[in-house]
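Below: the structure, in C-alpha cells.
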Amino acid sequence: MIIAIVTLIAVNGVLQKHGTPDNQPFAVGLFGLKVLIGYIPLITCGYYLIRHRQDLEFFTRLQVILILICCILGLIQFGLVVTGYCPDNKGLPEHLLLRANVQRKCLVGGALGYLPAENFIRLPGTFVAPWHWAWFLVSGTFFCFATAFSDPKLHWRLMGLVTLALVISNAIVSGQRTAFLASPAIVILLLVATSHISRIKRLVVIILGMVIFVVGTWIIAPEIMTERVDNFIGRWNADPPAVFLTKQTNLSLEAHRGFLGNGLGQATTSARGLGKIRLIEAYYPKLFYEIGPFGVAAFLFLVTNITVLGFKSYHQLQDNSLWGYGIIFWIFIVLISYNPYWYPLDTDPVAVYYWFLVGVLFKLPKIQQQEQKKDQPEVYIPD
C-alpha cells in the first residue's frame, strides 16, 4: 500500500502537470489504486460477517442460486443467438465483425459477438463482456463444487451438482477458451485435492454426468461441439498462452521506466475513460508496468503471506465438511494469486470473491471451535 501511494504521488502527480481535459493521470492513478487495493477491506468483511457455520452455508448456497440463475440466462442467450432471434455480426463494419460489441446485445449482459461463417462466438452471459463471464464461470466452479461435496444437506449437494453441470455447459458454448479449459480442469483438480477421488459413487455420478452431457450435445448438436473444439484449437495455435505471456512481459519491460513504474492505473483498462492507458493483458506484467519491480515484489509478498496463512488455517480443520470448504477456498486463492494470464484480480466479481474468501478462510478455525463447544456435554456440578 505504501509503495502504491508513493507511486501515485511521485509518478501520477508529476504526470498530472502535463494533464489535459481528456487525460487526467492523477485521476487514473486514483482509479488504479482503487482497483489494486480497494477490495482488501473485504477480508475483514468475510471474517466478521461469517459468524458461524449457518452463515457459511447460507453464503455458499446463495452463491449457487445466483450462479444457477446466471447460467440459465446464459444458455437462453446462447439459444437466442444461434437460432437467429438475436442478430449476428453481419452488417457491422469490417473491424467489428470478429469482435464482441454492445450493438449485438442479447437479452442480458453487454458486448456480444456471433458470426457463424467464421466460427466466431463470444457470449457475455449476464456480464458486460465475455471475459468477465468467463472468469465468473471459473470462480463459480469452486462455489458449486464446494456445495456439491461439502454441504451437509443432500438436496443442496444435488443442486450444487446440477449448477456445476450448467457452469460447464456455459463454458463450452461461451466461446471463451479460458472457461472452456479451466472449468473441467478445476473439477478434476478439486476431486483429487479434496480426496473425493475415493468416493466412488459421487465420482462416477459426476464423471458419468459430464460424459452424458458432452456425448448428448455432440449427438443433438454436433456442429456446436465441433465449432467449439475447432475454435479452441485454432485460437490456441494462433496465440499459444506461453507466447502470449512472453509478448506481454516483453512489452512491459520495454515500456517500463523508473523503479516506481509508469504510474498507477496506466495499464488498467477500466480507467480508460479518465485518460490514456496502455493495454497490457497479463496481470504481473501490468503491475510491473504500473508500479515497478518493488511494487510487484510487495504484492507477491502480500499474496504469498495470504497463501501461507490460508494453508495453516485450513490445515487446523478436523471437521470433514469445513475442511472441504477450506481446501477449495484455498486452491481458489492460490490460483488467482499467482495466475499470470489476463487480470482476474482487476475483474468483478472475481476480485470480490478473492478478498472476501480470504477472510472466510481465516475464520474457519473459529467456526470449528464453535462446533466443538456445541458438541461438548455440559458438566453438571451438584450443589
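Backbone N, Cα and C atoms are what each Cβ position is placed from, and that goes for glycine too.
Since the structure is predicted, the reported quantities are computational estimates derived from the model, not experimental observations.
Under the heading transmembrane segment, TrEMBL lists 26-50 (among others).
Annotation comment: TrEMBL describes 62-85 (among others) as transmembrane segment. Counting same-chain residues at least six beyond the ends of the transmembrane segment (62-85), those with a Cβ under 8 angstroms from any Cβ of the stretch are 106-109, 112, 114, 116, 121, 123, 125-126, 133, 136-137, 140, 143-144, 147, 156, 159-160, 162-163, 166-167, 169-170, 173-174, 224.
Annotation source TrEMBL lists transmembrane segment at 132-149 (among others).
Per TrEMBL, transmembrane segment is recorded for 156-173 (among others).
Among the features that TrEMBL reports, transmembrane segment is placed at 179-196 (among others).
What TrEMBL lists as transmembrane segment is 203-221 (among others).
Per TrEMBL, transmembrane segment is recorded for 291-311 (among others). Using a Cβ-Cβ cut-off under 8 Å and counting only residues 6 or more beyond its ends in the same chain, the transmembrane segment (291-311) has close neighbours at 3-4, 7, 36, 256, 258-261, 264, 284, 329-330, 333-334, 337-338, 358, 361-362.
Annotation source TrEMBL lists transmembrane segment at 323-343 (among others). Within the chain carrying the transmembrane segment (323-343), a Cβ under 8 angstroms from the stretch's Cβ atoms is held by residues 56, 60, 131, 135, 139, 142, 145-146, 149-150, 178, 186, 189-190, 193-194, 241, 244-245, 281-286, 303-304, 306-307, 310-311, 313-314, 317, 350, 353-354, 357-358, 360-361, 364, all 6 or more beyond its ends.
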Contacting positions for the transmembrane segment (132-149) when only residues 6+ beyond its ends and CB under 8 Å are counted: 60-61, 63-64, 67, 70-71, 74, 109, 123-126, 156-161, 163-164, 167-168, 170-171, 174, 176, 178-179, 182-183, 186-187, 190, 194, 196, 202, 206, 324-325, 328-329, 331-332, 342, 344, 347-350, 353
